[in-house]
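According to TrEMBL, the feature domain 'G-protein coupled receptors family 1 profile' maps to 43-294. Summarising the annotation, TrEMBL assigns transmembrane segment to 25-49, 61-80, 100-122, 143-168, 199-223, 243-263, 275-296.
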Amino acid sequence: MSTSNRSNTDPQPFLLTGIPGLEALHVWISIPFCITYITALLGNSLVLLAVSLDRSLHEPMYYFIAMLAVIDLIFTTAVVPKMLGMFWLGSREIGFEACFIQMFFIHTSTAVESGVLLVMSLDRYVAICSPLRYSTILTGPRAVQMGLLSLARAAGVMTPLMCLLTRLPYCRGRVVPHSYCEHMAVAGLACADPAPGHLYSLAVATLLVGTDSAFITFSYAMILRAVLRLPSCEDRLKALKTCGSHVFVILIFYIGGLLSMYLQMFPFNLAPHVQVLVADLYLTVPPMLNPIIYGIKVRQIRGAILKLLGQLAGLRGSRA
């Protein structure tokens, strides 16, 4: 039986290397990743609990924020626990199927988040530019439908990529020079031409990001025009501060994702550990920032979180 056939019928696990060239520093490098993961878990969980338990937050804008929290929880949990296990315990092995499942969750979550950021920008556009029509254009059920549509779009474009990758015969070793199952690093281990998968992922990412970012740019440009027409200087500064923080997080998400992808395709003579660190930061920093920028900084959500924490503290005090 050929090596190619054996690789298809009896798939062996992959071995992650972590950050190539910095193996001796893995324990120290893991500390900031652990902190960002814990922060992301706490922040997104609090936002999700606040939106789900406080009936006054059952509105489209808060539904979108809750969707973003769910995505970030799935996104970061798909990667960081395995990464920390590798850094701390030397647990480098990841099963063949588990590797592609992790890959699917990473790429699907990224695509869903792009869609949710798009509908959030449209939500703010309608709220600021057409406030009298907001309640008729954006309802709770319609917000849920838009979230499900983002999920269906993401799963629809990522499933063919997974099919292309899982059908490749892997016979060039099992060592993935990365700290997670990055699809280009994994495809590089195939003994067949991975170009169709590379071209598909490049086309999908460029088209999806290009379309979403164009609509987001248009939305915030219209929002900026409306904000600059506000009569009160204080209102203008407040709106600009809020929109500025949103744009900052959006730029980190899109620029970080594209930079991570293109550095894997075109290394530009960068050291391998730099490429891996850029990818790792992209997977950990946005899920930590999103609940702060989109959730805790929002007065209504912050109030609901403080109320929730107060109730928990009261329950603990009564039991004591």
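Here the Cβ of each residue, glycine as well, is placed from N, Cα and C on the backbone.
Caution: TrEMBL annotation is automatic and unverified by curators.
Values in this document were obtained by computation on a predicted structure and should not be read as measured data.
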Can you tell me which of 100-122, 199-223, 243-263, 275-296 gets the most C-beta pairs within less than 8 Å of the transmembrane segment (25-49)?
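It is 275-296, which has the most Cβ pairs under 8 Å.
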How about long-range neighbours of the transmembrane segment (199-223): same chain, 6 or more residues beyond its ends, C-beta under 8 Å?
111, 114-115, 117-118, 121-122, 124-125, 128-129, 157-158, 160-161, 164, 183-184, 239, 243, 246-247, 250, 254, 257-258, 261, 265
State, in range form, which of 61-80, 100-122, 243-263 has the highest count of Cβ pairs under 8 Å to the transmembrane segment (275-296).
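Stretch with maximum Cβ contacts: 243-263.
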Report the mean pLDDT of the predicted model across the domain 'G-protein coupled receptors family 1 profile' (43-294), rounded to a whole number.
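Mean pLDDT, the domain 'G-protein coupled receptors family 1 profile' (43-294): 85.
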Near the transmembrane segment (61-80), which residues from the same chain, at least 6 beyond its ends, have a CB less than 8 A from one of its CBs?
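For the transmembrane segment (61-80), the list is 33-34, 37, 40-41, 44-45, 47-48, 51-52, 102, 105-106, 109-110, 112-113, 116-117, 119-120, 123-124, 127, 140, 143-144, 147, 180, 283-284, 286-287, 290-291, 294-295, 298, 300-301.
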